[in-house]
């Protein structure tokens, strides 16, 4: 087969990308089809399975197997590029230990909590699962059942799960693993703008004059977006890049303003910037007067620890951490005035000239600024605050909702936005930014879902961290985990996670494609379909919703999470899960199953199977007899249409490479809240932050407060955890790709060479990382891509053989309830 010049150049670029990760690209590994069988390949579009960037790929299938993938040149997000993980997508589904049958712990032919895993049929698996869930519901009621889901759920999987729990079981104890990554971003948006998700889009990369990275290593975690920043920086010499972190990483290679700061002091630096803007008369007074109001948040809000923890007992406002009161601009100016260069430099360890350079980027009215952040902001005991505070500096200067002026929260999972946030799979949320605590929102959800009034419970359910605590305490007893690996991902796993899974009173179900740490801790493992083994939809960080068709069948008896949810719902009649007075309000539901009420309700089942594309298989449509995905999507979309969350009709997404909502009259929206761009902004207003009743954004006065745990004589190091380029999250997919595994096979303890020398350690020496909660064994690394300052160590968490979350602290932001994985105190002990 001839290779065109374009393909040759593209493959050279692939090889260069791979070489950065130290990956040899042999004939097999190159993922580039060059044989004569190429004409037998069927290529189709799909979004990448990994991060929240939402890159488009084209997928080649032959003989019911994915054999190649490549970047989709028609996708606006990545324009044909992929990162090194994306180039190996074709291999993630074919690990040697792929789960293909349900596995139940058994002894002497029966379920036993202490038994060994044995293969069973789906009927046997659901029989035991049904027995356990009904037992718990009968004995303790709906507050004792729960689910932990995912920002990797497809849109309809998350929607079906939310309906099953919030409407079917009448339990709000459903939360996604996006609680660990995006909850603070959600609260930041909701508190400031009254609506979730960014007002800008990826087009801002080509329009900005300055980029400020707050706690984000985009070079490794969002490499395709990083190429757009790099292109802008190198092609427009006046462009500036500031990178702020607690340790040096690859993104610093492009930094004009590199800043290493003491953990937690980003709060103080943001107040310094606000103060600098005010003191130097750089406030955009017209914008501020027309479009903002000021509030002061309560302080001393605690750290989301157990109620008997001394820090929680001392927290005066732990019960209402999100409260605030109105203030004036003058009050705000006085509040931030103490955050001058001298104070903040001493607190943060950042030289005053660096602080000034940073502040000048925001203050200069002629510089368009894009602020970008991920886990450094969000995984923070004041994560909601720090999100609010970055909006403060954009609002004070009016640098918002216009091309190149964009405070932009980057997303870590492929559908943390599209599913966890937009669908509302959090324990307190409903679709389209509605919440269970609002009676009007509950009423609207009950109307759309055809439920009797009072079905949806007002009280929010257990969030992610609280779920583990309630499992341990025996208050949450029937528990289903889908598309996540929380026994590796949760903080303080030995004290707060594992005990709950092994609690004899609890029955734990894990749906996964591989035998993860979490799956092996469960009582029942259900084999799940992956990625293009099912029809799906994701929503990325720029509000872009993307669809794909099922391209291959799942192996063996593996089934999609959607099928599992819907099939399991057939096991429950409404009388078994709803009180008699609720059933009496809808007597026609008596004797019906939850499947009938939730999924065969005249809406979800309204689209016949003949509407499924004849070019593709659809396992769920075949199983249930109607176009399941279309019915679920259209019912879900009805929540947001006409309310600023408009989605296009289902079929259009299969034709497009994604659309950014709100989609009104067939047109997507690039910049929200701006007249002329957002159809919801009234003419003559200029800007309208219509998520809030007054149409104004909130500027919050919030202080610096210390972290719950800092280094001391016994535990002298800060610990930060995170990711690396080659692996994604817990590594359950990427570590099964041989090339990615070889590139970075095991986690290490990155530390400063002088710290290692002072302790008599050298590179490669085996050590233990020890905290007040646990210990983990690894090896020292004093070279390479990550360079911590003295007094801090960085450990990636992708390695199932090195569970760094044995060590971390399960403290959270009390407002968002998101865990802080970036700072706790540890010591390093030579083995």
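Cβ coordinates are placed from backbone N, Cα and C, and glycine is handled just like the others.
What Swiss-Prot says about this protein:
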type    : residues                                                                                          : note
BINDING : 48, 51, 55, 83                                                                                    : [4Fe-4S] cluster binding site
BINDING : 85, 152, 177, 181, 214-221, 245-249, 264-266, 375, 379, 485, 511-512, 534, 561, 721-730, 805, 822 : Mo-bis(molybdopterin guanine dinucleotide) binding site
BINDING : 797                                                                                               : substrate binding site
DOMAIN  : 41-97                                                                                             : domain '4Fe-4S Mo/W bis-MGD-type'
SIGNAL  : 1-29                                                                                              : signal peptide
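When secondary structure is read from DSSP and collapsed to three states, residue 51 ([4Fe-4S] cluster binding site) falls in the coil class. Those residues of the chain, other than 48, 51, 55, 83, with a C-beta within 8 angstroms of the mean position of the [4Fe-4S] cluster site C-beta atoms are 50, 53, 54, 78, 82, 85, 86, 223, 224. Within 10 Å of residue 797 (substrate binding site), counting CA to CA, the binding-site residues 55, 248, 375, 724, 729 contribute 724, 729. Sequence-distant neighbours of residue 215 (Mo-bis(molybdopterin guanine dinucleotide) binding site) (same chain, 6+ apart, CB under 8 A from its CB) are 244, 245, 246, 266, 373, 374, 375, 376, 377, 380, 822.
When secondary structure is read from DSSP and collapsed to three states, residue 375 (Mo-bis(molybdopterin guanine dinucleotide) binding site) falls in the helix class. Recorded residues residue 248 (Mo-bis(molybdopterin guanine dinucleotide) binding site) and residue 48 ([4Fe-4S] cluster binding site) have their alpha carbons 28 Å apart, per Cα-Cα distance. As a whole-number mean, the pLDDT of the domain '4Fe-4S Mo/W bis-MGD-type' (41-97) in this prediction is 97.
Using a 10 Å Cα-Cα cut-off from residue 729 (Mo-bis(molybdopterin guanine dinucleotide) binding site), the binding-site residues that qualify among 48, 51, 55, 83 are 51. Here the C-alpha separation of residue 55 ([4Fe-4S] cluster binding site) and residue 534 (Mo-bis(molybdopterin guanine dinucleotide) binding site) works out to 18 Å.
Around residue 51 ([4Fe-4S] cluster binding site), the same-chain residues six or more apart in sequence whose CB sits under 8 Å from its CB are 221, 222, 411, 412, 413, 414, 728, listed in sequence order. Secondary structure at residue 220 (Mo-bis(molybdopterin guanine dinucleotide) binding site), taken from DSSP and collapsed to helix, strand or coil, is helix. For residue 534 (Mo-bis(molybdopterin guanine dinucleotide) binding site), other Cβ atoms within 10 Å of its Cβ number 29. Sequence-distant neighbours of residue 724 (Mo-bis(molybdopterin guanine dinucleotide) binding site): residues of the same chain at least 6 apart with a C-beta under 8 Å from its C-beta are 220, 744, 785, 796, 798. Note: residue 48 ([4Fe-4S] cluster binding site) has non-local neighbours 54, 55, 56, 57, 82, 85, 86, 89, 414, i.e. same-chain residues 6+ apart with C-beta under 8 A of its own C-beta.
Set side by side, the binding-site residues 55, 375 differ in how many other CB atoms lie within 10 angstroms of their CB, and the most is found at 55.
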